[in-house]
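Chemist: To start, I am sharing the structure in question, which I have written as structure tokens.
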Amino acid sequence: MQIYKVGGAVRDRLLGQPVTDIDWVVVGASTEDMLVKGYRPVGTDFPVFLHPLTNEEYALARTERKSGVGYGGFVFHASPDVTLEQDLIRRDLTINAMAEDKDGNLTDPYNGQQDLEARVLRHVSPAFAEDPLRVLRVARFAARYAGHGFTVAPETLELMRQLSESGELKALTAERSWKEISRALMEDQPQVFIQVLHDCGALSELMPEVEALFGVPQPAAHHPEIDTGVHVLSVLEQSAIHKHPLTVRWACLLHDLGKGLTPESEWPRHIAHEHTGLRLIKAVNERFRVPRDCQELALLVGQYHTHGHRALELKPSTLLELLHSFDVYRRPQRFEEFIAACEMDARGRHGFEQRSYPQADYLRGAAHAARTVSVQPLLEKGLKGKELGDALKNERLKALKTYKAGHVA
């Protein structure tokens, strides 16, 4: 019975990165051997056990064979006669197919260390093409390690292209897809994730609404990058640079979907794209069963981001409607995330990355002015129901008129 540290823990140690999760593989053991030593079984598809003291996962060495469509269409075989090399060959990338024994000796049958040094993401074997989830995983690793100079090997990108064209991506469940997408969006360079999916043809299968943005022009005066797809990648990049949460990053990715529906005869203008894009945002949200907070912010940013950019020009009544749409009185954080997404949209333009965004503080001040209006004096007057609501709205409007008057240039 030999125990090896495998996968990400080995990869990240060699990269000089912090090691968070450690996976172990056990060679030459059976389920009975593990139980005798006090390991607790937790695996449903294949034998995985928790260490009796550390609770870390230990999996029996196994092989796998394609038996159906999708990432779940595999038959696994785990037994004491499965070798370490057989276990490692089923893994996705060479940099994830290395193992280390208790003395730190490296087992690297597929040249993972060489690819690590060359900064290449390369598949281990042709069996890579049997699992469509690996398209998303490789794109996610590309997003994680782009800052270290990693790129996807051309032959691996070609396999990803073949997988995308095969239709197998449609077999991925919403939950598994969203898990990979959400993790990728929180990497250091999430725009690389979208770019790689675009390059291998997977984006048109997974999110055709986003794919449709590439090649769609915008007015050069406002968007020197011109291409809407390139703009969205830049907005997403800015959201990562500024360390924004998943809600903001998801909204940044989807905010301009309406531009993909603009007739070519109307290019490069995109009148009412905020409204036309809402059904597309909703469709993407539903496709991946996106968490409610991400869904809500994406729809609100899609609908109102132009209001955000024109905040200083808005009439007090329009500003009040905007604040009401976000329920800033009970959900101030959601409005703050809206402001963040708008600012990233403004910065996600070539040459505008460092441009100030005075709209942000103006919107925060407007929200504060509206929130500080007290309902108590109105209650003391005996107002209630619709009468109370109308009076409170009127007081907030007065507060915003005063606020705007104090900010006239």
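Our numbering is plain: 1 for the first residue shown, then up by one each step along the chain.
Using N, Cα and C of the backbone, Cβ positions are placed for all residues, glycine too.
Below are the features listed in Swiss-Prot for this protein:
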BINDING   Gly8, Arg11, Arg91, Arg137, Arg140  ATP binding site
BINDING   Gly8, Arg11, Arg91, Arg137, Arg140  CTP binding site
BINDING   Asp21, Asp23  Mg(2+) binding site
DOMAIN    228-329  domain 'HD'
Chemist: Give the residue counts of the domain 'HD' (228-329) per reduced DSSP state, in the order helix, strand, coil.
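Modeler: The counts are 76 helix, 0 strand, 26 coil.
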Chemist: Expressed to the nearest Å, what is the distance separating Gly8 (ATP binding site) and Asp23 (Mg(2+) binding site) at their Cα atoms?
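Modeler: A Cα-Cα distance of 8 Å.
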Chemist: Between Arg140 (ATP binding site) and Asp21 (Mg(2+) binding site), find the distance joining the two CA atoms and give it rounded to the nearest Å.
Modeler: 17
Chemist: What is the separation, in Å, between the Cα atoms of Asp21 (Mg(2+) binding site) and Arg11 (ATP binding site)?
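Modeler: Just about 11 Å between their Cα atoms.
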Chemist: Centre the Cβ atoms of Gly8, Arg11, Arg91, Arg137, Arg140, go out 8 Å, and tell me which other residues of that chain have a Cβ in range of the ATP site.
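Modeler: What remains near the Cβ centre is Gly7, Asp92, Leu93, Ile95, Asn96, Phe141.
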Chemist: To the nearest Å, how far is the Cα of Asp23 (Mg(2+) binding site) from the Cα of Arg137 (ATP binding site)?
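Modeler: Roughly 17 Å, rounded to the nearest whole number.
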Chemist: Looking only at Asp21, Asp23, which of these binding-site residues has the biggest number of Cβ atoms within 10 Å around its Cβ?
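Modeler: That would be Asp23, with the most Cβ atoms nearby.
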Chemist: Which chain-mates of Arg11 (ATP binding site) that are at least 6 residues away have a CB under 8 A from its CB, listed by sequence?
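Modeler: Set apart from Arg11 (ATP binding site) by at least 6 residues yet with Cβ under 8 Å, we have Ile95, Asn96, Met98, Gly112, Leu116.
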